[in-house]
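J.: Quick one: the structure is below, and I'll ask about it shortly.
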Amino acid sequence: MANDQKNSESFPAKEDHKKDDAAAPAEVDHKDEFSASQPHPVENIVLVGRTGNGKSATGNSIVRSKVFKSKTKSSGVTMECHAVKAVTPEGPILNVIDTPGLFDLSVSAEFIGKEIVKCLTLADGGLHAVLLVLSVRTRISQEEEMVLSTLQVLFGSKIVDYLIVVFTGGDVLEDDGMTLEDYLGDNMPDFLKRVLILCGQRMILFDNKTKDDEKKTKQVHELLKLIDLVRKQNNNIPYTDEMYHMIKEENERHKKEQEELESKGHSEEQLAALMKELQIMNERNLKAMAEMMEKNMKIAMEAQEKLFEQREKAQEMSYQQKMEMQEKLKQMEGRMRAEMEAQMLSRQQCSIL
């Protein structure tokens with residue numbers, strides 16, 4: 001603990017993707033280039049969850065700098081994937097990826113498809129941990145269930161092996177004299193029970209409003225221990241899927257062709273025209289991948305809506321009927337997921353070009 005307190009200073013952070021320079025505070029260190037010569041590896045951490053649950057605030061707490069836009073509004077703030085790198089004391093470099101309200105019921109499948117492709121592009125090397133952000137301030141909603149189901153459908157069922165549940169609102173529980181265990185209690189929603197079982201009970205409570213430096217350091221330190229546990233349990237292998245490899249291959253092809261053009265001695269005018277053609281081709285190929293993800297997302301949404309309809313009907317049944325319906329729902333959910341994964345695998349095996 002003494003060592004944790006000693007290293008309580010802010011982590012130097014660097015934005016990987018930003019369009020609004022005003023979002024970067026003065027304390028962000030832009031001199032650190034995070035080159036391949038860094039002594040510690042880069043670990044990609046992606047934040048997912050319903051809009052308003054505190055994803056951006058959690059990202060700011062992790063990197064110890066206000067680089068992610070964060071407001072306590074139900075409409076949310078972040079509208080595109082955004083990555084920030086931060087050096088942790090005597091630990092890995094974290095590449096923290098904040099996401100828009102992916103899987104929010106109000107967001108289009110087209111937007112989600114594009115943002116997932118962008119997210120996977122930012123996660124060079126694969127995903128080392130997925131943080132599912134929930135809030136103790138709000139009840140578990142259908143959108144939370146949509147997040148988990150869609151994650152499994154789009155990325156495969158193994159994504160839960162990299163899942164950590166982050167509960168925000170630690171200040172609320174502290175004011176009420178409650179621990180996270182007290183909050184979860186005996187009346188835990190079935191969805192939450194299922195999530196915690198799937199992720200091996202990996203969970204943590206975050207207070208994103210605290211001014212206590214020691215507390216800030218401690219909660220990040222505890223999160224790093226969970227991330228390290230995920231890494232060890234997955235044999236140091238980050239999560240990748242077919243879509244990730246397709247994006248990686250496309251970007252590597254684009255980079256290689258750029259280098260070949262630059263080495264052929266074209267005039268500046270010729271080079272600019274050829275580079276523009278290459279860029280158009282790259283954008284077209286990435287757009288095709290985004291459209292594939294959009295189709296997958298629509299499949300997931302339709303299946304989830306059917307599942308919600310069945311659950312609503314189950315609310316009006318007797319206890320025995322509910323038990324029978326729950327068993328049928330589990331079987332139905334399993335079949336839907338298997339069918340969707342089979343359809344997506346079939347699509348992904350088709351040539352995009």
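Heads up, the Cβ atoms here are built off N, Cα and C, so glycines get one too.
These figures come from a predicted structure and were not determined experimentally.
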J.: Looking at 49-56, 249-256, which stretch does Swiss-Prot describe as region 'G1'?
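T.: It is 49-56 that Swiss-Prot describes as region 'G1'.
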J.: Neighbour count first, Cβ atoms within 10 Å, every protein chain included; then name which of Thr51, Asn53, Asn208 tops the list of binding-site residues.
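T.: Result of the Cβ crowding comparison: Asn53.
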J.: Could you give the mean pLDDT over the domain 'AIG1-type G' (40-248), rounded to a whole number?
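T.: In the predicted model, the domain 'AIG1-type G' (40-248) has a mean pLDDT of 86.
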J.: Measure the Cβ-based neighbour count of Lys55 (GTP binding site), defined as the other Cβ atoms within 10 Å of its Cβ.
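T.: I count 30 other Cβ atoms within 10 Å of it.
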